[in-house]
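Chemist: The structure is given below, and queries will be raised subsequently.
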């Protein structure tokens, strides 16, 4: 039973998002005082709110999850979870996570994470994901909130650097998510989810992905140009962005787009891990 309730929080998604929270935190802590306790409290608060959002997503997506091979074995689909209990579970995590951030971090981080939550649950999950080709774009905005909250946990102020970080992660989400949609195209078709590759075809999606990858690379260099990240960051960012660009710009057709999209997806993970990791390695000694 405990395993079932843990699974609907999507631990993998939580872990991935907390890496970006850490990146935002250490980027801000380069020039602002921070502590290990503040760092751990931020991770706990954001992690609980993300877990709550994932549970609500599982609850509301039961009808489409049962149509997709990837999700048809989720506990909420199989009926192993009491939906009323799951709602209470999600609400408890949301309240606890927000309270931790509000009381022990700062009110701004709590407000921003709550706005991201509302955006994800009400705008993305309940409407845009199901009804609009722009669902991925809407989802990318909420997906870029965790690193922003990590940054705000330290600074308690939305600066140009914070906006740049938020923009970076918004741009990263788009080709990453389109790649998933392309190699799981049949699932999305059967569930009736109008993602760009399904609605407008793989070639239009490919053009969009190339544009987003180039934009991400340009924006990611902004942290170095602003003097907020050093040469180690520049080297890693340049390498992973060039790798992502090279893979994304390959020609595709109906015979190879699945293999290609899996490659784009894998490199996208390397990109976010590399950039988040180098920010941590470069800035941890200055932060804590």
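Cβ atoms here come from the backbone N, Cα and C positions, even for glycine.
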Chemist: Under Swiss-Prot, the annotation transmembrane segment belongs to which of these stretches: 8-28, 176-196?
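Modeler: It is 8-28 that Swiss-Prot describes as transmembrane segment.
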Chemist: For the transmembrane segment (152-172), which partner among 8-28, 36-56, 108-128, 211-231 gives the most CB pairs under 8 Å?
Modeler: 211-231
Chemist: Might you confirm whether the transmembrane segment (131-151) is in contact with the transmembrane segment (8-28), defined here as three or more C-beta pairs under 8 A between residues 6 or more apart in sequence?
Modeler: yes
